[in-house]
Amino acid sequence: MAVKYLCQYGYLSSPIPTPAELRSALSVFQEMAGLPNSGTLDERTVAAMQTARCGNNDMGRASGRRRRFVYISRWEDKVRDNELRLKWFIHNYTPDMSRGEIRKIVVKAFSLWSTQVKINALESLSLLFEEARTEAEADITILWAVGDHGDAHKFDGAGADGSNILAHTFYPNYQFKGTLNGDIHLDDYEQWNGDGSREGASFPHVLVHEIGHTLGLGHSKKQQAIMFPIYRKEQLDLMQLDVDDKCAVNWSYVGATDLCLYIWLLSEVLPKKVAHEKELSSNMLVDDKSAPWEDMAALKVRLRGLTMPQCGPGLGGRMRSQLAEMLRRRLSFGHDVARDHAETLCEFFDAFRKEFDLRSTNKLHEVMRLHGVHNYFQPGDNFKTFEQFGGSPRQRFDSAFFQQLMNIFFGG
């Protein structure tokens, strides 16, 4: 079951991995899931694999039938003056809830994205969703299905083979010609409910997450993000977009900003959990919204032992090259822009490491990965302007800067 799962979500490229490949894949999955990074298949890892989740990929190296879930993208030719308009249509309904309840949830889920996508102090996208009169005029079709339902990616039943896929969504550029782009498919083998308080699949959180995919977003590594691949049960009225969700959308449709670059970096490099000083067997979420981000001293304790890239004397050239390659692969930076921003990231990491008294490494792969779907999408030729965090073309990475950045990162 574990090998199938790891292949299915892009952690393994072969169904017959070597022992080293399996350990590495398990370690990467454990990192994503916030588990102790042992590289062994223990009970907690198996339990995490059986948790209800999205069917789209976590990593960017899957092959074959899963490839259509790898590429993040955006709706082209639908944005005017930073305004994106999309129409939705409900193709059919699950019998588990009334039609009225389903429609109410759909409207509120789209409204959540529309009302929360703005990032204060930055030029932001306006999202407008409306119901289509017919399926033919809809950009997004929502449907429930069981088993083989015509898209070559059948649902396998409630918890079949230990997995628990509740839904999958097609990115905006899935087909050059066709009707699947942006469509959201929900597994009707599941028992659906509308408030998340009962056993079964929570329609509100699943739908809000899948709307992120229909906008072109990949999965996030930040556990508090809506786009984290493992679903939470949460009341719709209490759901909030994380700043990582907001940055992913605005980066794609409005443009790149230094603030969102730093948010992306922190979502990648901060561990999902950091052990308590006196209780190493019990882990604490670093990116929990309840984290005391305003208390920098407490945060320094919680980040103790963390490793960050080093660009110091004798190491700068190599690390800059690695960072530039990462920016090209993960954020689609052009060659020259990646080279220029690699210098800024070196300064950022060096200052971050000193501010929080962290360990250093000259191997970027020990901290970040070149493959993954926690990527912000922007065509490489669209980095001509880069909105600066705080309005200054030359950022000063001091304590005040990190206090403000952590405020935004943890406060959303």
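Each residue, glycine too, has its Cβ placed from N, Cα and C.
Small disclaimer: the values here were computed from a predicted structure and weren't measured.
The active site feature in TrEMBL is assigned to GLU210. Mapped onto three states, the DSSP output places GLU210 (active site) in helix.
Note on ASP188 (Ca(2+) 1 binding site): other Cβ atoms within 10 Å of its Cβ, all shown chains, come to 21. If you look up TrEMBL, you'll see ASP96, ASP188, GLU190 marked as Ca(2+) 1 binding site.
Listed in sequence order, the residues of the same chain lying 6 or more apart from ASP151 (Zn(2+) 1 binding site) and placing their CB within less than 8 Å of its CB are PHE170, LEU180, HIS185. Sequence annotations record features per position, and here TrEMBL assigns Zn(2+) 1 binding site to HIS149, ASP151, HIS168, HIS185.
There are 26 other CB atoms within 10 A of the CB of ASP187 (Ca(2+) 3 binding site), with all protein chains counted. Marked as Ca(2+) 3 binding site by TrEMBL: ASP156, GLY157, ASP187, GLU190.
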### Query
Nearest to GLU210 (active site) by Cα, among ASP96, HIS149, HIS168 (binding-site residues)?
HIS168
### Task
Count the Cβ atoms, other than its own, that fall within 10 Å of the Cβ of GLU190 (Ca(2+) 1 binding site), considering every protein chain shown.
25
#### Entry: Near-site residues: Ca(2+) 1, ref ASP96, ASP188, GLU190, CB cutoff 8 A to centroid
THR94, PRO95, TRP144, LEU186, ASP187, TYR189, GLN191, TRP192, GLY200, ALA201
### Task
With a 10 Å radius around each C-beta, find which of these binding-site residues (HIS149, HIS168) has the fewest other C-beta atoms nearby.
HIS149
### Query
According to DSSP, which of helix, strand or coil covers HIS185 (Zn(2+) 1 binding site)?
strand
